[in-house]
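Following: one structure in structure tokens, then a few remarks.
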Amino acid sequence: MGGRYDRNTFDEQDEVNPFANPGSVPAASNSRLSPLPPEPAGFGYGRTVDIPLDRPGSGAQDLKKKEKELQAKEADLRRREQDLKRKQDAAARAGIVIEAKNWPTFFPLIHHDIANEILVRLQRLQYIAFATYLGLVLALFWNIIAVTTAWIKGEGVTIWLLAVIYFISGVPGGYVLWYRPLYRAFRSDSAFNFGWFFLFYMLHILFCLFAAVAPPIVFKGKSLAGILPAIDVLSAQALVGIFYFIGFGLFCLESVVSIWVIQQVYMYFRGSGKADDMRRDAARGAMRAAI
């Protein structure tokens, strides 16, 4: 049994004085931790980092290159504008009007600019004439609807085919044969265009009057939504009769407005002296033909 002052095995054998000289401190003989190997004190500054740097002056060169490209494009656009202006001026001197398609705006099909190309005192009349063209389109389209109902009720497919033919021939025909000549006549005061308009607008009015009545000449008249077929089918098929009566009203309205338009155009034509010009042109043409 050990004594009171037996040596404690957990005590360090060498006592260290903390106030002793640091240079004379003995190394711990019983240290259980091995010191870490020394690390180089480079702090990462020794590694080379590749940073892509542009060459001096390359940014300025790119800017100059882009500036030259923009100047070249600008010069090309200016040259094209000048060429287009020269062509337009030459066409204007020759009496040729370049008609760019601008109507309808969502899908341009025709050139139409009453506000900028027609005289102010004639714009109202031109707008009403344009309304008669749109009225013809509406009447022919409704005619297809009315005849389609009659076909469904057992009237036969032939009248429907005729109604479609009226539409696909009347819509472009009305524009080419009488509306565009009137537009050009008001724009350039051309006696020839006035004469062309009067001829085919009269045929347009006669067709509308014929369609409003729809006499039983072709397939009992049921290919046109007029008053006579409306009365004929109303007792047996009320819906078809109502549709035909609506078509009759559209053709009547189209006829009345068209008669007013041709009267107003003729009054302007006589008052402007174009009638005399037309007679002189006709006499001159007859003289050339005789010679």
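Note that Cβ sites are derived from N, Cα and C of the backbone, with glycine treated the same way.
Remember, it's a predicted structure, so these values are computed and weren't measured experimentally.
If you look up Swiss-Prot, you'll see 58-94 marked as coiled coil. Averaged across the coiled coil (58-94), the predicted model reaches a pLDDT of 80.
Per Swiss-Prot, compositional bias 'Basic and acidic residues' is recorded for 1-10.
Residues annotated as phosphoserine in Swiss-Prot: Ser34.
Marked as region 'Disordered' by Swiss-Prot: 1-66.
Per Swiss-Prot, topological domain 'Cytoplasmic' is recorded for 1-126 (among others), and the stated evidence type is sequence analysis.
What Swiss-Prot lists as topological domain 'Cytoplasmic' is 263-288 (among others), and the listing cites sequence analysis.
Look at Swiss-Prot and you will find 127-147 (among others) tagged as transmembrane segment, backed by sequence analysis.
Look at Swiss-Prot and you will find 159-179 (among others) tagged as transmembrane segment, backed by sequence analysis.
Positions annotated as transmembrane segment by Swiss-Prot, on the basis of sequence analysis: 194-214 (among others). Remote same-chain partners of the transmembrane segment (194-214), defined as residues 6 or more beyond its termini with a Cβ less than 8 Å from a stretch Cβ, comprise 136, 139, 143, 170, 174, 177-178, 181-182, 185, 221-222, 224-229, 247-248, 251-252, 254-255, 258-259, 261-262, 265-266, 269, 274, 278.
The transmembrane segment annotation in Swiss-Prot covers 242-262 (among others).
Within the chain, the transmembrane segment (159-179) has long-range Cβ neighbours (under 8 A, six or more residues past its boundaries) at 110, 129-130, 133, 136-137, 140-141, 143-144, 147-148, 150-151, 196-197, 200-201, 203-204, 207, 218-219, 222-224.
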